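**Student:** Take this structure first; my questions come after.
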Amino acid sequence: MMGGTFQEVFLDSFRSLFSGRVPLAALLIGAPLGFTLLFGTIYKENVVNYIPLAVYDEDQSSLSRQFIQSYRDSDRFTVTDYVSTEEEMRQTLLEGRALAVLEIPRDFSRDIHLGRGSDAMLMVNSANNMFGNAALSASQEIARSFSLAVSANLLEAGGLLPAAAWNNAYPVRLGVRITGNPANGYTSFMLSGLMLNGLQIGVMVTLAPLLITELLRRRYGKKYLSWLLIMAGTLPYWLTAMAGYLLSLFVVIGLFAVPMRGSWLDAMILGGSFLFFVCGVLLLFSACVPSRELSLQAPMVYIMPGLLYSGLSWPVFDMNSVAAAFGRMLPMTYAGDALRDIMLSGYAPELAGNIIIMTGGGLLCALLAGMVFHWRRLRSWRKEGAET
């Protein structure tokens, strides 16, 4: 027999993946599934609603009460308190009893009826941008709708017919059509990328020790070629991770109602090339580090920032050059946004290029890992020969 067989190493790796009290396969499948369920539950509401709102109404008029009622009628706000002074208004925000305060000035109703207009103010605690952005956008929409209704009523009181009054109050109508994610929901926006992040973390904690373990606790002799150990040893991890990816993708779509408007084949090829790149990078780390502990710790510096630098939540073109350059080295950069485009838009413009980059990156890392792994095996054998 000239050398160990691919099938033998593959089956050994497959058995080790599914053996033990807590099989490694459970992490490969459970990590992306767990991320999907955890973050899917967090983002289930899709948008930020019921923002606590305090009201400081200096006018105390019928019109000011109608304005406050328009906030009450919105799902975005919950009126939790009424304050009577400016100091109390600021204290309410400072103590966190409300995240926004609506201030209606004195003579609000009189100034509007006299045609002078009036300036209401919304004060928002934007320490959490999600609350701040939601409160500002919703408040602008409420104020615009209220202003149009009041203007139309004033024009009708001046003798115009309702249709003419409305046309005069609202001469330019902007129609908006939102594609991809019409509800602007966080689930559709983030969940597929968070699932991919869980997937690469699962691969990291299971695959990263593979080569360094073989170097330190030699299981296979010289007849087993280095490239064979890498290929046959890694393939079960890739296949199991693909199963976890597809299962999690089904959960994203079926349980959390994220649409799949594109091709399942495109999503599968993208996921496969993403995993190939991740596996290649982790093999390179595994071949280079001196211990099993470092094989898990060192890749964290590379893998863990992936979500932030991938462009999933903040576009790459708006990053500085250093951040963008680092982002281009990460598998998440080429998979996260593309998978979201496939699911929400039905088409990812950069899909082919991203697949080529991830496949090429995976091959390069695997080749480098193979060279380092082979060199370290040869060196350990020579060292043993010299000692004997």
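Our numbering is plain: 1 for the first residue shown, then up by one each step along the chain.
Placement of Cβ uses the backbone N, Cα and C atoms for every residue, glycine included.
Sharing the feature lines straight out of TrEMBL:
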TRANSMEM  20-43  transmembrane segment
DOMAIN    29-369  domain 'ABC-2 type transporter transmembrane'
TRANSMEM  146-166  transmembrane segment
TRANSMEM  186-212  transmembrane segment
TRANSMEM  224-257  transmembrane segment
TRANSMEM  269-288  transmembrane segment
TRANSMEM  300-317  transmembrane segment
TRANSMEM  351-373  transmembrane segment
**Student:** Check the transmembrane segment (269-288) against the transmembrane segment (20-43) for contact, please; criterion is three or more CB pairs under 8 Å, pairs 6 or more apart in sequence.
**Tutor:** no
**Student:** Which one of these stretches, 186-212, 224-257, 300-317, 351-373, has the most C-beta pairs shorter than 8 Å to the transmembrane segment (20-43)?
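**Tutor:** Of the candidates 186-212, 224-257, 300-317, 351-373, 186-212 scores highest.
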**Student:** For the transmembrane segment (300-317), could you work out the same-chain residues 6 or more beyond its ends whose Cβ comes under 8 Å from its Cβ atoms?
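**Tutor:** Hits for the transmembrane segment (300-317): 190, 193-194, 197, 200-201, 204, 278, 281, 285, 323-324, 326-333, 335-337, 340.
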**Student:** Within the same chain, where does the transmembrane segment (351-373) have neighbours whose Cβ lies under 8 angstroms from its own Cβ atoms, ignoring anything closer than 6 residues to its ends? I mean 6 or more beyond.
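**Tutor:** Same-chain contacts beyond the flanks: 211, 214-215, 226-227, 229-230, 266, 269-270, 273-274, 276-281, 283-284, 286-288, 331, 334-335, 338, 341-342.
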